[in-house]
């Protein structure tokens, strides 16, 4: 189905509607699964030696020093323009402001007299950030990951990226307080972070996007007892736009294409109650496509994308919640009025001037978001992902005495005799003291 095909949602059967909201298939082939498993085992067994072999094989690079030196990072900084450095500084300031505001106050309550319960937070001790390489280095992801890690107080923050690492990535790492950067990419980088090597430290949790091999490596290490936790399940990027008749077609088209250019497996969807808006957006997409260097990539993504006309804005919200987009852009008059009805979305952008690019780079929200329908159960990345919660309880003699019979009754009902005995022993001790 062509992206220029305008679909009337209410003329479709329930099955056709379900098909319209299906995402491009993603599944690691058996060969990818096996290859990644072999890489993990090899890196775990042979450490740095295996990393160097994989760099030569996959990156066509001979890596002498896996760890990037301070001199190399300083030199990279010198090569960047002041304009880019200033732009990064503005982005980091906004990311800091938003993520600092996410700090949770400690919980300290007395659930009944003499029974004190607390909840406190502690940072994840060590985290590893994976940043893909390639022709368009994702240095903005360094800002999005390293900044909350620093605010959370993670003691060890390291970064891996395929060699040669772009100057922008090295500077962003330094700017955000990353302690060590390593010349290693792909599934082998995930293995190094999960298991540790002579050079790369083992970390508790791994963050960051990547290709099918990286994604599969993260999945596998998260399921190994000796592996590491990961940030969230990954899938192709996506955006859904809700637009009314007052939206600007060129704005809508530019936001759709911003997502489509990410990759051929990206998906974009327009929902609008105005058929004329759908037609004008389709025309604007074609005009803007002609000017894009990544037009072919975007065009492939558009093959799995949709222009859907609905009954009204309420139905747009209903369909959006069913789909659960990574990015949801609401270009309607009084866009904020629709927010209370949104139940599943990674990040929401309100109004004509809240373009997705702002969230991707510099508004302050995090651009690491659940995709592929995981918005139903997962949240956008935030400070909490770099922290863990811990509870504390303290019972006084009086508090224990008041709760003792309740605990005994519950333990006896579950036939956990040792649990009940732990109470009874203390009750008897108090009687003896009296």
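Here the Cβ of each residue, glycine as well, is placed from N, Cα and C on the backbone.
These come from Swiss-Prot:
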BINDING   130, 188, 211  NAD(+) binding site
BINDING   237, 259, 262, 327, 360, 414, 419  substrate binding site
BINDING   259, 262, 360, 419  Zn(2+) binding site
ACT_SITE  326  active site, proton acceptor
ACT_SITE  327  active site, proton acceptor
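Here the features listed in Swiss-Prot are placed on the structure.
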residue : record                 : contacts (Cβ under 8 Å, 6+ apart)
130     : NAD(+) binding site    : 159, 160, 161, 189, 190, 193, 206, 207, 208, 209, 210, 214
188     : NAD(+) binding site    : 39, 43, 50, 51, 54, 55, 58
211     : NAD(+) binding site    : 132, 186
237     : substrate binding site : 259, 262, 263, 266, 326, 327, 371
360     : substrate binding site : 140, 258, 367
414     : substrate binding site : none
419     : substrate binding site : 407, 411
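The DSSP secondary structure for residue 414 (substrate binding site) is coil. Candidate recorded positions: 259, 262, 326, 327. Fewest other C-beta atoms within 10 angstroms, 262.
When secondary structure is read from DSSP and collapsed to three states, residue 327 (substrate binding site) falls in the strand class. Under the DSSP three-state reduction, residue 130 (NAD(+) binding site) is assigned to strand.
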